[in-house]
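**Student:** Quick one: this structure, given as structure tokens, is what I'll be asking you about.
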Amino acid sequence: MKVLTAIALSAIAFTGAVAAVITQEAFLNNPRIHHDQEKYLIELAPYRTRWVTEEEKWALKLDGVNFIDITEEHNTGFYPTLHSASYVKYPPKMQYAEEVAALNKNLSKENMKANLERFTSFHTRYYKSQTGIRSATWLFDQVQRVVSESGAAEYGATVERFSHPWGQFSIIARIPGRTNKTVVLGAHQDSINLFLPSILAAPGADDDGSGTVTILEALRGLLQSDAIAKGNASNTVEFHWYSAEEGGMLGSQAIFSNYKRNRREIKAMLQQDMTGYVQGALNAGVEEAIGIMVDYVDQGLTQFLKDVVTAYCSVGYLETKCGYACSDHTSASKYGYPAAMATEAEMENTNKKIHTTDDKIKYLSFDHMLEHAKLSLGFAFELAFAPF
């Protein structure tokens, strides 16, 4: 590990470790900067931008610095600065406890384990790699199978590939309701080894294979409701598996940018990033719980998320913070959509093996992942029928 770190840091030092901060106006006056210098425009906080090389992006992540890569979205002329979030009133209490409890009983740890074993068998799911494309193709087939077996496709449900220029595509499963008001549940499908992304293995069991199979199982459970599968819910529900989160939320930005342009009415977005590791909390003497982000999120939706945990999960929740741009909910927020995020524990007790060859299934708890699946299903069902 130390040798790999030295190699990575030497490469970073050679290219220059620090890039200059650049204003939005400077970019607009110099549209060729990115192409001439092969650098990327990242945002480390709202409106705080910097040009970096790809190696410098990975160095920042190794140092625990979050960012969102806004280069491609900026080049389209639709600069993704923060939009004001639309106000949405969420249900003050659960309305469908009986229905959700019955559906939650059918969620399967065995399904999640089998899916995660296959998903982590790809050498890496790095978004620029061929195996990243193959893993996305495998996942697409699983999502399509779940939708097909439920019968929902006969009532208009679809599964589509959202293409990106880097190769690995994002996946969108859409379960139409009686209106186009939409509830989104997301996870990112890509993985990365920060030392040598194009070469070294990145099983990504927890980050974010766990979230990927969690919402896949929640989708399967949700579609066992005839009302949902037959399109009788008030609202449309979408499940997203984003490409290139590790590169700076690239896939989710492309999707929510598209939604903003097309005036899509997104009423809620929940991101599940890392749902399987509990040993860190237990070692710290902290109770097993779901971590609920309380920074850079919609406060009303976050309160609703807490209420869902209390109503439908066997564990409680703990508030935590991850800073700006820690996962794909950032993209939804940037385009004015209410967003929330759940993770496996308080941030200080989350998995420290991520982004390495050792992010493996053996460290994960499928019992805990089941709680996140219950959370996802309850969130989706309650909001599918919410009177927005």
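Every residue, even glycine, has its Cβ placed from backbone N, Cα and C.
Pulled the feature table from Swiss-Prot, pasting it below:
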BINDING   H188, D207, D273  Zn(2+) 1 binding site
BINDING   D207, E246, H355  Zn(2+) 2 binding site
DISULFID  C322-C326  disulfide bond
CARBOHYD  N106  N-linked glycosylation site
CARBOHYD  N180  N-linked glycosylation site
CARBOHYD  N232  N-linked glycosylation site
SIGNAL    1-19  signal peptide
**Student:** Cα-Cα, whole number of Å: D207 (Zn(2+) 1 binding site) versus N106 (N-linked glycosylation site)?
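**Tutor:** Answer for this pair: 25 Å between alpha carbons.
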**Student:** What does DSSP call D207 (Zn(2+) 1 binding site) in the simple three-state scheme?
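**Tutor:** Its secondary structure by DSSP: helix.
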**Student:** Drop a 10 Å sphere on every Cβ of the binding-site residues H188, H355 and tell me which sphere holds the fewest other Cβ atoms.
**Tutor:** H355
**Student:** Using the alpha carbons only, what distance in Å do you get between C326 (disulfide bond) and D273 (Zn(2+) 1 binding site) once rounded?
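**Tutor:** Rounded to the nearest whole number, the Cα-Cα distance is 9 Å.
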**Student:** Of the recorded positions N106, N232, D273, C322, which sits closest to H355 (Zn(2+) 2 binding site) by Cα distance?
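**Tutor:** When the Cα distances are compared, D273 comes out closest.
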**Student:** Do any residues at least six apart in sequence from N180 (N-linked glycosylation site), in the same chain, have a Cβ closer than 8 Å to its Cβ, and if so which, in order?
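**Tutor:** Residues satisfying the criterion: T236, R264, E265.
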**Student:** Once near-sequence residues are set aside, which residues in the chain of D273 (Zn(2+) 1 binding site), 6 or more away, have Cβ atoms under 8 Å from its Cβ?
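**Tutor:** Expected: A187, H188, D207, D208, G211, E245, C326, S327, D328, M341, T343.
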**Student:** Quick check on the glycosylation sites: of N106, N232, whose CB has the lowest count of neighbouring CB atoms inside 10 Å?
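**Tutor:** Across N106, N232, these glycosylation sites, the one with fewest Cβ atoms within 10 Å is N106.
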**Student:** Taking DSSP three-state, what's D273 (Zn(2+) 1 binding site) in: helix, strand or coil?
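**Tutor:** Going by the DSSP assignment, D273 (Zn(2+) 1 binding site) belongs to neither helix nor strand, so it counts as coil.
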**Student:** Out of N106, N232, E246, the recorded positions in the record, which is closest to C322 (disulfide bond) when you go by Cα distance?
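**Tutor:** With Cα distances computed to C322 (disulfide bond), the winner among N106, N232, E246 is E246.
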**Student:** Name them in sequence order: residues not among H188, D207, D273 whose Cβ is within 8 Å of the mean position of the Cβ atoms defining the Zn(2+) 1 site.
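**Tutor:** Near the Zn(2+) 1 site, beyond H188, D207, D273, sit A187, G204, D208, G211, E245, E246, M274, S327, D328.
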**Student:** Using the alpha carbons only, what distance in Å do you get between N106 (N-linked glycosylation site) and E246 (Zn(2+) 2 binding site) once rounded?
**Tutor:** 32
**Student:** Tell me, by DSSP, whether H188 (Zn(2+) 1 binding site) is helix, strand or coil?
**Tutor:** strand
